[in-house]
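Straight from TrEMBL, the features:
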- B:29-242: domain 'Orotidine 5'-phosphate decarboxylase' (DOMAIN)
- B:Asp35, B:Lys57, B:Ser148, B:Gln206, B:Gly225, B:Arg226: substrate binding site (BINDING)
- B:Asp88: active site, for OMPdecase activity (ACT_SITE)
- B:Lys90: active site, for OMPdecase activity (ACT_SITE)
- B:Asp93: active site, for OMPdecase activity (ACT_SITE)
Number of protein chains: 2
Amino acid sequence: MKTYGERAINLPNKTAQDLFTLMERKKSNLAVALDVTTKQEFLDIADKVGPYICCLKTHVDILEDFDQDLIDKLKKLQKKHDFIIFEDRKFADIGNTVKHQYSKGIYKIAEWADIIDAHAIPGDGIILGLKEIGLPLKRGLLLLAEMSSKGNLATGAYTEATIEMAKRHKDFVIGFISGKKYNSCEELIVMTPGVSLDNSNDDLGQQYKTPRNVIENGSDIIIVGRGIYGKGKDPVVEAQRYRNAGWNAYLEKLEN
Amino acid sequence: MKTYGERAINLPNKTAQDLFTLMERKKSNLAVALDVTTKQEFLDIADKVGPYICCLKTHVDILEDFDQDLIDKLKKLQKKHDFIIFEDRKFADIGNTVKHQYSKGIYKIAEWADIIDAHAIPGDGIILGLKEIGLPLKRGLLLLAEMSSKGNLATGAYTEATIEMAKRHKDFVIGFISGKKYNSCEELIVMTPGVSLDNSNDDLGQQYKTPRNVIENGSDIIIVGRGIYGKGKDPVVEAQRYRNAGWNAYLEKLEN
């Protein structure tokens, strides 16, 4: 098995290279899913977990007081702590629409997000639309090949079609949101949500797995949300705990 | 075959009832997909096409200058012209996330959109999350059962699973985005995008059908976008033309 650093070398996409290099440098395969609804909380937690993460996963469209100042401050935190920004927009429309959603509107996601994700459901057009905007900016796209929620439909033939779609656009598609690695495209990044050391589900269908579970299945990056900054948690303590759990699982996998 | 007005009577969802009643009253099964990127264009076109439509389909997240004033003016236009507002957000995340995306953030979609849509891919949790917010407000949800773009994955087992999901939540799921009617839930509304009298496709994979094609297949509402306000078009003339085409196709179908 190759290390993250070794895998960085031959990737065609600059953001993917940067991400793997950064992971090796920071010894972290932890992404934090920052699902809070105020700017203050957002910046506060990002600053606290920043030193321990490779990637900050955002949902800017749930912030009550989003503004350009938030983006400016987020970029400063990115410089200070050295992480990749992943706006988890889950684009899911036809090419002409997602092109606008990605580049325009209030959020202007293309200007600040290194990585975005999309559902494969609309067909290749969604990738073509996003690529028109993102490739000149050297951005990267993740496709949702599997989901962690109960009764989800990203399975079987759907997942296979998604993998084929990724293979047709390797300049821009840098990997998958998924629970496991796919043999036919081992070089692509696998990021896995729904990771927790403490919970097994929530009351809206989310199902959790441990860092070790998902790294053993071939995931490269664990995505942890409420497990790090939920009620009563200390984000610094929890980010260190998850960083260690994820990194140790990776080291063990390298040895086997 | 029942008329729109007859179908309104027994529906459990108030927005669905209102929509069918309004269609009968205005003699229109035309929804306009208002995909422009400035407030001025948005309000200008909405005011022009307003008299001829049953529904205005929006993508507020592509507007460069979105603000509360836009929503206030949109609501005034809704009162003036009598139409349903459908924010085509294509929610596609887990329940806990879509709940926030629907109610919070800059757009506060739940406050002004009568109808929203969602992909079924995350499983029932996405409906449960949206329903927590939307049902108390008497909103309605459309599920994307099929798409009109080339190579899309909303087919076969995926579509069937989506239909089953809709049946489990008939208080909130009022219908489908799809190209045809499903036998097992004929009472649900079918809205069909990708409708044009002039074009057969775009260069990002969108594939067009005529109003007659889709009404014959069991669609209830035709969604027309660039065909009405694209370059060189007069939105009033085109809205009347599509309204007539859609309504005549419906009357013919009623007679057969």
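Every residue, even glycine, has its Cβ placed from backbone N, Cα and C.
Location within the structure of each feature annotated in TrEMBL.
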residue: B:Asp35; record: substrate binding site; Cβ within 10 Å: 20
residue: B:Lys57; record: substrate binding site; Cβ within 10 Å: 25
residue: B:Asp88; record: active site, for OMPdecase activity; Cβ within 10 Å: 25
residue: B:Lys90; record: active site, for OMPdecase activity; Cβ within 10 Å: 25
residue: B:Asp93; record: active site, for OMPdecase activity; Cβ within 10 Å: 28
residue: B:Ser148; record: substrate binding site; Cβ within 10 Å: 24
residue: B:Gln206; record: substrate binding site; Cβ within 10 Å: 25
residue: B:Gly225; record: substrate binding site; Cβ within 10 Å: 23
residue: B:Arg226; record: substrate binding site; Cβ within 10 Å: 19
Measure from the CA atom of B:Asp88 (active site, for OMPdecase activity) to the CA atom of B:Gln206 (substrate binding site) and give the result in Å, rounded to a whole number.
-> 16
Given the active-site residues B:Asp88, B:Lys90, B:Asp93, which one's Cα is the least distant from that of B:Arg226 (substrate binding site)?
-> B:Asp88
Given B:Lys57 (substrate binding site) and B:Lys90 (active site, for OMPdecase activity), what distance in Å do their CA atoms have, once rounded to a whole number?
-> 12
For B:Asp93 (active site, for OMPdecase activity), just give me the three-state DSSP call.
-> coil
Members of the recorded positions set B:Lys57, B:Asp93, B:Gly225 whose C-beta sits under 8 angstroms from chain A = B:Asp93
What is the interatomic distance between the Cα atoms of B:Ser148 (substrate binding site) and B:Lys90 (active site, for OMPdecase activity), given in whole Å?
-> 14
Can you see whether DSSP assigns B:Asp88 (active site, for OMPdecase activity) to helix, strand or coil?
-> strand
For B:Arg226 (substrate binding site), what is the secondary structure by DSSP, using just helix, strand and coil?
-> helix
What is the maximum Cα to Cα distance, in Å and rounded to a whole number, among the residues B:Asp35, B:Lys57, B:Ser148, B:Gln206, B:Gly225, B:Arg226 annotated as binding substrate?
-> 17
Can you figure out which of B:Asp88, B:Lys90, B:Asp93 (the active-site residues) comes closest in space to B:Asp35 (substrate binding site), comparing Cα atoms?
-> B:Asp88
Can you grab the distance from B:Gly225 (substrate binding site) over to B:Asp93 (active site, for OMPdecase activity)? Cα atoms, rounded to a whole Å.
-> 26
Please report the DSSP secondary structure of B:Gln206 (substrate binding site), reduced to three states.
-> strand
